[in-house]
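Below: the structure, in C-alpha cells.
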C-alpha cells in the first residue's frame, strides 16, 4: 500500500480535479500542499458540476478527511466563500472533515492589491498572474513577516505582527504613490474572521504523522503543474511555489519517505494560460479547434488557454524532476477526428538539436520544435472505459507517448465524468 501524490506534468489545467476525485474513493485523507486559490478545477459528479479552487477535492466525498497543508497560501475570504458555495450545493464542509495547517500563510487584501497593481503597471513584462495575491503572500512568507492562521488566536502578539508586515508594505506603497494601510483596520478584519477560521486550525504535520502510523491512505493533491515550478519551470513565467512532487513532503510536514507513488497528469495535447514560452503552440485553426473542443477556458479566470501539440520533451523533463512513476493521460477524446497529429520529440536551438528545455529565458524563446507525425483516428474515444473501446490508432498514440517520455500510462481519462476512466495500474497498489 502506497500513498499517492498527484502532480501536473505540464502547465496546469491537466484535469487533476477529476483524477484526484476518482482516486480519493480509495484514500482516507486528501491533502493540498502548495499554491492557493489561483488554480481552479472543475469536477462533474452524477451530472452535477462543482468548481473548487482552494479546498481539496476530497471534500466532495463523504467520510474523507481533507487537509490544507502549510505549503499553501490561504485566503480567508476565498476559503469562506468556497465553503458557502459548496454547502449551498449540498456538500457537507466543517471542521469534522476539513483541517487547515495552523502555520499556513494568510493572503490579505493588501496582497491582492499589490499583485494587481504590479501586473497593471508592468503590462509589457507582465507574468500573467491571476491577481489573487499568491506571489506577494509567498514573498512575505519567505521574508518572515507573514501573518499565519495561528496568529489569529493570539491577540496580544497579532498587532505587532501586523506592524511588521506594514513596515514593508507601506514602504512599497509610498514608492508606488498609493495610500498606506492602517494596521487597526487589518486587526479589526482579522479579529472578526478568527471565530470562523480557527475551528479548522490543526497541527497538520502531527495529525498526518498519526494517521500514517495508523496505516491510513493519503492522497496528496498538487496545484498548477511542474512546468510552473518556481525552480524547475519556465522562469520567470511560473507560479510562486514549488509544484514538483517533492513539495508534497515539505508542504504537509511529512518526511520524503511518506510520499510513495507519484502520478503525473498530462493532456494528450498541451495548453498554457498567460504569458511565457510555448514551443508547440498552434496559434492557428488547429489551436482554435483544440481549444473549442476541449473547452479550454480557465476555471477561475475564464481566460482562453493557448493550445498546441503534445510536447514529449517537456513532459519527459517533468517525469524526471518530479520522479513520476506513472502518467494519467487526459482528454484523449479531443483529438478524435484529426487526420494526423504532431508530437514534439526534440528541439533545435541555434541550429543544434537538444533533448531538453533550456533554463534561460532567451534560449527558451529561441527553441524550435522537432515534430513526429502520427496518424490520427476517426472513431470516437469519448467515454471509453476499457482498452477494447479505443481505436487501434489511438492506442498506438498512447504507446508512442509512453516511449517518448519514458513513463507508462497508469490511467486514461476520456471525459470529465469520473467513471470514464481506463485503469491500467492502480497507483495505491503499485
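Note that the numbers count up from 1, one per residue, in the order the chain is shown.
Backbone N, Cα and C define each Cβ position, glycine as well.
Here Swiss-Prot flags 12-18, 40-42, 305, 331-333, 413-415 as GTP binding site, drawing on sequence analysis. For residue 18 (GTP binding site), the count of additional Cβ atoms within 10 Å of its Cβ stands at 25 [all protein chains shown].
Feature annotation from Swiss-Prot assigns IMP binding site to 13, 14, 15, 16, 38, 39, 40, 41, 130, 144, 224, 239, 303. Long-range Cβ neighbours of residue 303 (IMP binding site) (same chain, at least 6 residues apart, Cβ-Cβ under 8 Å): 273, 274, 297.
According to DSSP, residue 40 (IMP binding site) is assigned to coil rather than to any helix or strand. The Mg(2+) binding site annotation in Swiss-Prot covers 13, 40, and the record cites sequence analysis as its basis.
Taking the Cβ of residue 13 (IMP binding site) as centre and 10 Å as the limit, one finds 26 other Cβ atoms among all the protein chains shown. What Swiss-Prot lists as active site, proton acceptor is 13.
What Swiss-Prot records for 41 is active site, proton donor.
The feature substrate binding site is assigned by Swiss-Prot to 299, 300, 301, 302, 303, 304, 305, with sequence analysis given as support. Taking Cβ-Cβ distances under 8 Å and a sequence gap of 6 or more within the same chain, the neighbours of residue 304 (substrate binding site) are 291, 296, 297, 298.
A Cα-Cα distance of 22 Å separates residue 332 (GTP binding site) from residue 302 (substrate binding site). Within 10 Å of the C-beta of residue 414 (GTP binding site) we count 25 further C-beta atoms, all protein chains included. Using a 10 Å Cα-Cα cut-off around residue 41 (active site, proton donor), the binding-site residues 18, 130, 302, 305 reduce to 18. Checking each of the binding-site residues (38, 130, 224, 302) against residue 12 (GTP binding site), the C-alpha distance stays within 10 Å for 224.
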